[in-house]
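Marked as transmembrane segment by TrEMBL: 41-62, 74-99, 111-134, 146-170, 190-214, 234-257, 278-300, 306-331, 338-358.
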């Protein structure tokens, strides 16, 4: 006689099957939710990534043509594209972050008039086209024409844009410091050329994480505005995991094709060999850069860009730069040590953003967002 409540008991079997069916249903529901959230994320990030890559590719093509003219031409155009333009580009990204729209403008250098005029012309065409798209009916639900009411919230927008601009400028200019500081080391010309090529590849790939930054900001803002705190948290999780997968893909790509990537910009053997030596540092920088913008997108969606700006100052310029200087000059590791030291700043920033995001009380963010909207 079987014991009552044993494994073969009908009631026990029924409860076991019910529990298993419930777990399967929850798994299917989670897969479906992830798929739907991924679709929403890519619908926003896809056009943004395509636009950013298309715009920045003009700079890449310009630099590659200059690099095959001569090493000196590559050095000069690299300084312009990686340092001078990046300063203004950081503030433009700040305004784009405040509006969550795309805009672009360029400042061309006086040397190599033909190539730099190409950048300016292409970006201004983009500005005119985006403006025409907006005012000619491309955004019927959000654009109803010019109105004086737009100036009522101008001060709030200005504060948000400044905070966003500082946040993204500090981040955008951080690794450009490598190019500047490498000019004070031995073999400065080769160092600048190699680092500029690495920074161009890094910036080119950064157009993808920046697209996720915008998409994450939009998704988090939408969910918080709708009062859905759990939806905002889930959107953040999907975005970070998707960005991490993209980062791993490019990490492998850079390690596998580092020499071929360098040959896009130059035919100089010493420069190509130097880029090859820096490929591991470049790969880890790209991997970290894919995670961090998705976390920053939470700041954009929640409206606390000023906090991230403070984190950027501390992690980048109070940790990363001093450690890089110590490793590069005092410990005599050269620009490799300089770069490795500055990666520590990015690691610190990423860990802080991860900690803040994990400890974030999403339910408390909803009423704060509602107060801003109303």
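Numbers run from 1 along the shown chain.
Positions of Cβ are set from backbone N, Cα and C atoms, glycine also.
Proximity of the transmembrane segment (190-214) to the transmembrane segment (278-300) is established through 3 or more Cβ-Cβ distances under 8 Å for residue pairs spaced 6 or more apart.
Between the transmembrane segment (278-300) and the transmembrane segment (338-358), the number of CB pairs under 8 angstroms, six or more residues apart, is three or more, so the stretches are in contact.
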